[in-house]
């Protein structure tokens, strides 16, 4: 009985490690697919892209025309 429980626990841990590695690789692929970024006053969409470059953030004051604005060092 203990052997079966030990085997199940080990199998679960191995599966968990494999799954974690798969998710991490998937995130790396996703980051690579994001592509380039857009600069100030260019149209953006945080949820689907294009994304704002570093130093800018996407604001949707006039939805659906969201634009990148300078974060002024915030």
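Yeah, the Cβs are placed from backbone N, Cα and C, and that goes for glycine too.
Look at Swiss-Prot and you will find 37-53 (among others) tagged as disulfide bond. Every protein chain shown contributes to the tally, and the Cβ of residue 37 (disulfide bond) ends up with 16 other Cβ atoms within 10 Å.
Residues or ranges marked as disulfide bond in Swiss-Prot: 44-58 (among others). For residue 44 (disulfide bond), applying a Cβ distance below 8 Å and a minimum sequence separation of six or more within one chain yields 38, 50, 51, 52, 58, 66, 67, 68.
Under the heading disulfide bond, Swiss-Prot lists 52-68 (among others). Classification of residue 52 (disulfide bond) by DSSP places it within a strand.
The feature disulfide bond is assigned by Swiss-Prot to 60-66 (among others), with similarity to another entry given as support. In the structure as shown, the Cβ atom of residue 60 (disulfide bond) sits within 10 Å of 12 other Cβ atoms. Under the DSSP three-state reduction, residue 60 (disulfide bond) is assigned to strand.
Per Swiss-Prot, asparagine amide is recorded for 72. For the recorded site, residue 72 (asparagine amide), the DSSP three-state label reads coil.
According to Swiss-Prot, the signal peptide annotation covers 1-20.
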Fill in the blank from the handout: Taking only the CA atoms, the spacing between residue 37 (disulfide bond) and residue 60 (disulfide bond), expressed in whole angstrom, is 17
Completion exercise
Across all protein chains shown, the disulfide-bonded residues 58, 66, 68 give the max Cβ-within-10 Å count at 68
